[in-house]
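**Student:** What follows is a structure written as structure tokens; I'll ask about it next.
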């Protein structure tokens, strides 16, 4: 604890509603820590975000990415390794992911999985209540005080087995937390999520046999990983914890990060828990970063599978890189939801899950993600059969040789159809409408859609309008056509939705994103002001 907390808390303000729950999480000591993180690292964060814009300008000129010549010595050096797996992270064959509401936390920890990725990012809408209550729910779950009653139903943590290891996913570097300001600036959402979870729980987690573990999203370079590593070192030093206690798995979900996988592990090496194939965000990133380049136009989303050339190359390179460095290579999300009313359709959906997990296990992944507890047994069965050991780090994949051209190979068979356009409009609208109501993951057509899948839908619509692509039906996609179909979809959804829905607002924002003109870096940044509840500043020194 700093010697003079009141001096540190000068010009630190909380603009979200405060109550006893908030104060349990945002203690004076925790708030001092957040202020320290902001003042130490925010200028570097902003510089790195500016660097993203500079790189985008280069890509817009047609300059394609390649492996970095200045870090070739890191890639070529076989001697260095990441950290060995930490307690509770040796075997991660099935990970369940989802938001941090209390019901989800209990259900996830009661699932037959090995870890639970508690998500403050893509499956959570960052309202102040969601972020604070999520921290409170995890605080209580770690201490096994999370049981609650809802109506007549009781939710209790099971006691017949060791619970899954908890991993928290903070927001990406681009997002801010406008309800908490330091020196007149909002704190980074990343630092807010990480700082509160770490400060309140790190020592308790270690005491209980695991540790402060994180998933890190949306990074675009090894320099962004270096910033996280600096944050980790300061945080551990600050509370008197040994460096290397924190472990972090990086989601490789941007095309630029795919060219820097070795370097990202290297920057985090004492804290590295491996890499994860964030498949939907990866597709989104490919479209976003090359949106001005007609050579990167992709067909309907359903055609962009994990076996198309650029996705297959990305998976193989990730597994090879991780295992060469002695860390986990985690597979992607099965977003299916059981179809209870249609056994035949459900059987087909579950068969597709099994096939996807079989592909991952055979490729050499050390584990995989599911979005629903009912899918855990399918994933576990596949990995138990094909991975009898706790992980597959011994599968070196030295047969794999991936070039820059492989990562950028857009030979994807398929067509652009009006049905595909309408599907993207429906997914984007429904997700945005839910997000505006504070819901971060939305079931649509028996798939759990989150921000990543909404971003793919939005970016494809923009790309098709920008390049005036023809549909399979012979219609050229342009601004007028896109807006016509969007407005039809808004009306159709409004007619089916309860009163008080947000489809009109979602449609207004979506209109700006489907014409091939304006393009927001992220939907979440575009919509964020709509879900903020900024009130009068409350000086943190009064906590």
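The backbone N, Cα and C atoms fix where each Cβ goes, glycine too.
Curation plays no part in TrEMBL annotations; they are all automatic predictions.
Feature list, courtesy of TrEMBL:
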- 11-73: domain 'Malate synthase N-terminal' (DOMAIN)
- 165-409: domain 'Malate synthase TIM barrel' (DOMAIN)
- 169: active site, proton acceptor (ACT_SITE)
- 415-531: domain 'Malate synthase C-terminal' (DOMAIN)
- 450: active site, proton donor (ACT_SITE)
**Student:** Within the domain 'Malate synthase C-terminal' (415-531) only, compute the mean pLDDT.
**Tutor:** 95
**Student:** What is the three-state DSSP composition of the domain 'Malate synthase C-terminal' (415-531), stated as helix, strand and coil residue counts?
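**Tutor:** With helix first, then strand, then coil, the domain 'Malate synthase C-terminal' (415-531) has 72 helix, 8 strand, 37 coil.
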**Student:** Comparing the active-site residues 169, 450, which residue's C-beta has the most other C-beta atoms within 10 angstroms in this structure?
**Tutor:** 450
**Student:** May I have the DSSP-based helix, strand and coil counts for the residues of the domain 'Malate synthase N-terminal' (11-73)?
**Tutor:** 44 helix, 3 strand, 16 coil
**Student:** Which whole-number value in Å describes the distance between the Cα atoms of residue 450 (active site, proton donor) and the residue listed as 'active site, proton acceptor'?
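**Tutor:** Taking the Cα atoms only, residue 450 (active site, proton donor) lies 14 Å from the residue listed as 'active site, proton acceptor'.
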